[in-house]
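Residues annotated as repeat 'PPR' in TrEMBL: 104-138, 241-275, 408-442, 509-543, 610-644, 711-745. Annotation source TrEMBL lists domain 'DYW' at 926-1018.
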């Protein structure tokens, strides 16, 4: 961000830039330590535009026909430089090449500057080499780039000297801007001959009297020990500032030339310049006795101190009144009138830089303090550290701190607080330990900062206790800030007993209450949060946005929608309803409580929803079974110009898998690629899971192989997906590969492995994995693992062994285990075991219609018609109704739903005709309707007709009509697929040479060449 200074400030900026950037030691070092600030690209409107598809229209402000396109691109490049955002710069470069037929030389020059300042010398050189024509600015830019990265890199120095030689051959006229980087290169190279050559060249082109060039050459000669040459050039200069006098004087003193130093100090007295702190120290070294030192002191105090105090009072008044423009104008007037500043002046202007959030201003004031020697004053140095910390440049702050000879406790506190607030908690704790080793006694400010830092590191609790001990020893434990920080530290570690003890001793204030409520919420003890909130309200203690957000979170976790509504009403009354944090908390509470109508109202009440609010609304729709609405909200989000983050993409992938909307999921994947977030493990896992659940296991595996950083969740998603698709052998092979890479499996991994064993009929292998997970990995088998083992036994025909396993378990069997075993009994024709299993299943879930259907189908398969009728009678007697079955298929991004004998589709007549043709064709291949699966007591012909128009057959018929012959047909059914439809699908796949993927309530069935991946066991 650039701050627009008033006109007089421009003089200051020119002067401070002119005075320091080439001569002072600090500036090159500071340049070298600059790191790119993490820049949230998805929140940048400009980067959003650049990442969007090309729009080569005349209406585009960046089309090649636009006369202002160059200035627009320059705006992008300037933003990339100011934020050190190389990605934004590269995107801008790409767009320039795509949209500008003949880019102006001006743009190429700025691209070189952008790449060099964003840390990419290689790209800067590439742009320079590919320029069709170069002017002096081009050469100056590339030389400046090499100068920036020349310290300690001799190859860069030599290459830049080569470029300078080429420049001299091609361009006759050069400027001081050309010599600036070359002189810097001379200093970094250590080549004295190079500086002499540049000096000669400067004389040749008439720049030998230039203030900047001469000053830089004097500095270089002195650094190389050529004091005589430096003094000659120094004497020839028409104007010499305090910095040059200091450099010259220091060189004489360092070389032991005392007489020359005395002569020079006398000349300095006669010059009329005011000394700075560095000058005074050097003059003190020159002075031989107390009388001379007295003269130095008298000379230093010769300026008008009363006028400085008066100006500082004016600056203070402006700062208190937040009149920053007036303050900066006053400061600029002081500099322009050559009125010396003192430490108070610098402290006030540095505070202004913090208020304006202006790093540029802060750095300029810092450079001026360096030039005048005020950085050696403790109060100014502390203010500089504080300024950099508040402006989120803790690297610079640490640089200043390390340069201090004797930092005080304020210095330590500032830098520790800066690191803690910038998310560098470990470094903050290290500084605290270093503070103790240096013999400092921490105060309440130190302890508050380090407690905040300790809350985010693994050793948080141990460190918090150590700080607590220090607080007691130093009598700081009773301080309200320290005790509140300790409450917060213990609460974050879920040590609520310790926190409560401190809370009872502490004054009942808002901050302490907030810390306690936050701790209760993190400890999943929301009732205590609500109780404390009620107590606050009763005692008249006010609430803030943090209080309300915490209480709303507890209401959501407890599903207390009524109390949540009361808190919402209180927030409106207190005026916090428009606060983004509170309004997001209200939205999240309604979502978690399942009140989507109130959630929509709360969302609509947010003036400008951020990406968190949009994501909360989207995830709420999915959690409450409104996946299609989630996509509608997402569309509105994109229309508003809000870019999704990783969590949004992962949430939408989940919605696609719930709807089994493959094409929608592919669009979400494309968005993830466009936003460059496919590398996020959470997003990668969600996309792999989405493809697997949408029936495209090949796409899932292809994406899985492209993910570079695979965590355990990604492996689990792939393993479970392969197992669900009946690819047991591939799943087990993947498990071996995972172990060979040293990735430790968890309980979810073994669910996938055991499911794979079940689908592959590997009973003994399943037992081995059950033993291994407990023996080798310390994972205690849970009900899901035993369910897979029971399923494996049932698939292998060992239904009695499966029954014994269930009976011998220490865990209570689940209904899903009994359903799987009942299905196995149907396949194996074991009606006796099936009857016992059905009885236990109905004891658990007496109103489960699927239990009666499975039991009836089992008797029908065994031709036990009387028992089948008895099962139907029992079902009617219990007034249990069979869940209505429906199937759906996605065609051209639209979901088409079918029920039995459905005629609601606009193409229903054509679909029914296709079903007739389909049945005719597969009958010729050998298909015989299995009328035993009908639960109606009608004629055989009517039973057959009822089977023909089951929802899954209608969906497949529609798929045959509406999709290309080369693509798989993907159908989803809410219930278990019936036996007749399962058999018919095998024939349909063979006759029409199509791959049919049917996902029912239990698993995936892949029909191909007359076979099913489930092996006819489902």
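Cβ atoms here come from the backbone N, Cα and C positions, even for glycine.
In terms of burial and nearby residues, how do these features look in this structure?
Across the repeat 'PPR' (104-138), DSSP assigns 25 helix, 0 strand, 10 coil.
Same-chain residues lying 6 or more positions outside the repeat 'PPR' (408-442) and placing a CB less than 8 Å from one of its CB atoms are 378, 381-382, 385-386, 388-390, 392, 394, 397-398, 401, 449-450, 452-457, 463, 470, 474, 476.
Distant neighbours of the repeat 'PPR' (509-543): 480, 483-484, 487-488, 490-492, 494, 496, 499-500, 503, 550-551, 553-555, 557-558, 560, 563, 567, 570, 574; these residues of the same chain sit at least 6 beyond its ends, with a Cβ under 8 Å from one of its Cβ atoms.
Helix first, then strand, then coil: DSSP counts for the repeat 'PPR' (610-644) stand at 26 helix, 0 strand, 9 coil.
With a threshold of 8 Å between CB atoms, the same-chain residues lying at least 6 positions outside the repeat 'PPR' (711-745) that come near it are 681-682, 684-685, 688-689, 691-693, 695, 697, 700-701, 704, 751-753, 755-760, 762, 765, 773, 777, 779, 1003-1006, 1013-1015.
Restricting the average to the domain 'DYW' (926-1018) gives a pLDDT of 84.
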Looking only at residues six or more beyond either end of the repeat 'PPR' (610-644), which have a C-beta under 8 A from one in the stretch?
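Same-chain residues near the repeat 'PPR' (610-644) but 6 or more away: 42-43, 45, 48, 580, 583-584, 587-588, 590-592, 594, 596, 599-600, 603, 651-652, 654-656, 658-659, 664, 671, 675, 895.
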What counts of helix, strand and coil residues does DSSP assign across the repeat 'PPR' (509-543)?
26 helix, 0 strand, 9 coil
